[in-house]
Structure formats: structure tokens, C-alpha cells
Amino acid sequence: MTLLLLTSGRDPGIVPRNTHPPEPELTDVGSDIGNGQTPQLRLPRTKDVFVNGVIVKVKYCDTCMLYRPPRCSHCSICNNCVERFDHHCPWVGQCIGRRNYRFFYMFVFSTTLLCLYVFGFCWVYIVKIRDAEHSSIWKAMLKTPASIVLIIYCFICVWFVGGLSVFHFYLMSTNQTTYENFRYRYDHRANPYNRGMVNNFLEIFCTAIPPSKNNFRARVPIEQGLQQVRTPARGFMSPNMGKPVGDLELGRKPVSWDEPRSAADIRDLEVGLGGLLDEKEGRIAHASPDLSREAIPVELVEGRAGMHSRRSSWGHRSGTSESMDSIAAQMGTGEANWGSISSGHGHGHGNGNASSTH
């Protein structure tokens, strides 16, 4: 039970994730470039590293945004990259990796010994009953049905845990993992991690266990620029504020969170300004159709046309101040023209009333 707890409750060797992809290295000679690039920043899918004089390829993990160390693999169940990944054991509910492999093997091996112990001593107990009552073995077995159940149970279990113990004994003697044995098959090529049977066992059982790279009790640090701001109208801001937005899997350029939101706000401002100009133009047409056709300056019409044409491409220039200045200038020109038109229109009405009076 102690070995089971040590196996299931210990960090197997989880590699901490990166919050951002690594910077691309242009000097990589042994990198796969081309069709094997990652969809994020055109990083090479694999890199070559030397392990005991042998070239070993390490892969880039899109989930953890890092190049996995040698013998590291990403567990699809735990969703973590684990150092010296062996397998994910559903019976203990934990990945088996660099920091808990020795406890896993001792747990499996001790379970095998326990099955053999129970199986053997159940038979010893039956033989003692037979000798004490001077009866046959079958009658002695009927005297203790619990022993029969345990004999059958241990006989079945010992094939599983015993076979697993023998298999992992072979893996340790050749310094392989279950993942490497099923995927790479070192039978036809040299194993760069094999240092001899004795040294392999010493590496598993006698080396110091490296400390965990994760502090599971620490608070999650807030990235710079990421703040949870509460406003009276909108409540809490999204926790994704400040993070890049975009479809990285499709290779699109990520943009900051504030950029699309600013573009949407400015588009709303443009729509409001366009509606205001439409309303003023409608007033002019309603007051005097001839005046609306003749007295509207060409600059105002061109300004509105230019503003409407810029709406389609506003998202590309949402961060510039030139567009805002041009909109403000157009609004100022429209207000001045509207004032002159209104004053002229009012003056015309005054003359009409005077002539009618006369």
C-alpha cells in the first residue's frame, strides 16, 4: 500500500509548460524545415540532439509549446509532457515516468510476491487440515472454502502482475521504456541509453530522484498586463485579456485582445457619424429640395464618400490616428457648411416674409 501511494501520489516528472512559444533559431543545422513545421511560428517540428554520441530527434509539443527533452513524451490522458515517459497506468491513475518508475516496479513486484505468498500458504493450510484430520485433500479443501477462493484469485492475478514484473525487468536490464519498446524497437539499431545491465539497474534504483519542476501549491502568476478589472457596467473583464487572439492552428497572425475591440468601437463611431450626416442631409432636403441639390458643398459629399469607403479597410488601420483626424476634420467641415446653409436658409425665409408683408 505504501508503494502504491508513492506511485500514484508523486509527480512523475511533468515538464512545466511555456506560456509563449520559443524563439525560432535560424542557426539550426539538424532541424526539419519545410512541411514539418509547426503551425504557430514556423518552428521546425524536430531537432537533433546528441545522446552518448548518437543523434536523437526531439519533437516540438504544440500543447506545451516546448521542445521535449530526450525520452519525454506527451501523455494524452494527463495532457502533460512527462520526462522518461513509460506509460499511463489506469490501475494507479498516474503516468509512470522518471520520478516514480522505481516505485511502480516495486509495487508490481511486491504484488507478485504477495500473490505467490497467499497462494502458497493457502495450500499449506489445506495440507495442515488434511494431516490433522487424517482425511483426503478434497475433504480438507471443503473445510476451508476461503482458501479455495484465494487460491483461484491469486492464480489468476499472478499471471498479470507476474508477467508485468518480468517484462519490466527486461526493460530495465536494457534501459528501455514501454513507450520506446513498442514504438522504436531497438532490436535493429543501437540503444543510446543502454549502459550495461548493472549500470542500468543502478540508474533505476540507486540514483537520486530529481526534484519536481512544479510547485503545485504555488499561486498561478498573473502575466504582465493581465489584470482583472471590474467596471460598474460590464462587470469583470475576460481572463483572456492581454492574450493573443487568432487561429494559431491555421497559421493566422495573432493580434492583441485590444486591437479588434478598438476596431469595433471605431466602426461603431463611424456608423454613428454617418447617421448624423444622413439626418442633417435629410433636414436640408426637407426644408428646400433645390437648396439641398445646389448648396451642399462638394467637399462634404466627398468627405462622406471617403469615410464610407474607409469602413471596409478600417480593421487594417485601426491603430492609426490619421483616420480619427480625418473624421474629425470632416465633421468640422460638415458642421460649418450646415451652419452657413442654415443661416442662408433663415435669411431667405425672412425676406419672403417681408415681401409678403409688403
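FYI, residue positions are counted from 1 along the chain as it appears here.
Including glycine, each Cβ sits where the backbone N, Cα and C put it.
The region 'Disordered' annotation in TrEMBL covers 7-31 (among others).
Annotation comment: TrEMBL describes 59-183 as domain 'Palmitoyltransferase DHHC'. Looking just at the domain 'Palmitoyltransferase DHHC' (59-183), the mean pLDDT is 94.
Annotation source TrEMBL lists transmembrane segment at 103-126 (among others). Packing against the transmembrane segment (103-126) from elsewhere in the chain are residues 3-4, 6-7, 10, 86, 89, 92, 96, 137, 140-141, 144, 147-148, 150-151, 154-155, 157-158, 161-162, 164-165, 168, 172, 204: each is 6 or more residues past its ends and has a CB under 8 Å from a CB in it.
Annotation comment: TrEMBL describes 146-171 (among others) as transmembrane segment. Long-range neighbours of the transmembrane segment (146-171) within the same chain, counting only residues 6 or more positions beyond its ends whose Cβ lies under 8 Å from a Cβ of the stretch, are 105, 108-109, 111-112, 115-116, 118-119, 122-123, 125-126, 177-178, 181.
The region 'Disordered' feature in TrEMBL is assigned to 302-322 (among others).
Annotated region 'Disordered' per TrEMBL: 335-358 (among others), in sequence order.
Taken through DSSP, the domain 'Palmitoyltransferase DHHC' (59-183) splits into 76 helix, 17 strand, 32 coil.
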